[in-house]
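Comments concern the structure below.
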Amino acid sequence: MASAEVVSKLEAAFAKLQNASDCHSLLKKYLTKEVFDQLKGKQTKMGATLMDVIQSGVENLDSGIGVYAPDAESYTLFAALFDPIIEDYHKGFKPSDKQPPKDFGDLNTFIDVDPDKKYVISTRVRCGRSLEGYPFNPCLKKQQYEEMESRVKGQLESMSGELRGKYYPLTGMTKETQKQLIDDHFLFKEGDRFLQAAHACKFWPTGRGIYHNDAKTFLVWVNEEDHLRIISMQKGGNLKEVFGRLVTAVGVIEEKVKFSRDDRLGFLTFCPTNLGTTIRASVHIKLPKLGADRKKLEEVAAKYNLQVRGTAGEHSDSPDGVYDISNKRRLGLSEYEAVKEMQDGILELIKAEESAR
């Protein structure tokens, strides 16, 4: 049971949400009085309450989603709130739906989407993983951050071949190393206001670090937003190489580290937007002609469930005709399907760019 103190904080938080007429988050949309009363007294075995779930969305009324999961159990204990949010965000993934088993598929069906190097500047595929038996950021203790780091570091440093590289802990990092990692665009900073409010930055920088291979085409973020963010990337459009590298790396890490997976929601992550495959496959691509007609660009992208952003992030424009284009769907389909849909869509966009006037 949540303590009386937590429940009274929750009552105040609920009132604040109700009075915020300019708040349009999914949290506000689905945290009805009925759902609130049903959940306000609950607490997970690891000590998480509804307050941990909603605090970021209450503090940041301009949130799009507004909720995070403090631990794996939260997705089931607070399902009355999470389920409708997940269904809304993941376009109809109903409480009765299930994430298919993990399936990376036949890597030989992937190709270099731009062999002439005319359009695609770079390609990147990432996934998130949580370690089984540990809560997510808001409920982690300092010692747990250190434990997770040491388990993962050992496994990463045993990698061989093209994955071989070095682990750089954020704690005690020298200025030179810091500068190099910033120049490579590898260094992550302490979380933004949404993550701060969700208490995702506790004991910073304890237990946080970055691993990258010598060729700088493979990267792992340890204890940033998720326990692990595993990233494969390179210049050009060779999706087969990029995805293949990610699949190999996940397999190596999995030999020693058990990941948190739910039968219905797939791989569990701190933010419900990343659930399921957790995969974001993206390219930076030059589409000057198509970009001049944004409506047409969005139309082709939507047909393949692709998200179009400027390269500076979510809400940025693209004055130079370069876009960050990625798969929108992560939940309710296999890893293979998510990446294949992105490949098909990119090929179609290149075709449309070539035929644009």
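Please read every residue number as a count from 1 along the shown chain.
Just so you know, glycine gets a Cβ as well, placed from its N, Cα and C.
According to Swiss-Prot, the feature domain 'Phosphagen kinase N-terminal' maps to 9-91, an assignment based on sequence analysis.
Residues or ranges marked as substrate binding site by Swiss-Prot: G64, I65, G66, V67, Y68, E225, C271, E314. In three-state terms derived from DSSP, I65 (substrate binding site) belongs to neither a helical nor a strand segment and is classed as coil. Taking all protein chains in view, 18 other C-beta atoms sit within 10 angstroms of the C-beta of I65 (substrate binding site).
As annotated by Swiss-Prot, domain 'Phosphagen kinase C-terminal' applies to 119-356.
The Cβ of S282 (ATP binding site) lies under 8 Å from the Cβ of T123, R124, V125, D324, I325, S326, N327, M342, each of these being in the same chain and 6 or more residues away along the sequence. The ATP binding site annotation in Swiss-Prot covers 122-126, H185, R229, 280-284, 309-314.
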Other CB atoms within 10 A, centred on R309 (ATP binding site): 16
Closest of I65, V67, Y68, C271 to R229 (ATP binding site), Cα positions, binding-site residues only: C271
Secondary-structure category, per DSSP, in which C271 (substrate binding site) falls: coil
Segment confidence, the domain 'Phosphagen kinase C-terminal' (119-356), expressed as mean pLDDT: 93
Neighbour tally for G66 (substrate binding site), based on other Cβ positions within 10 Å of its Cβ: 29
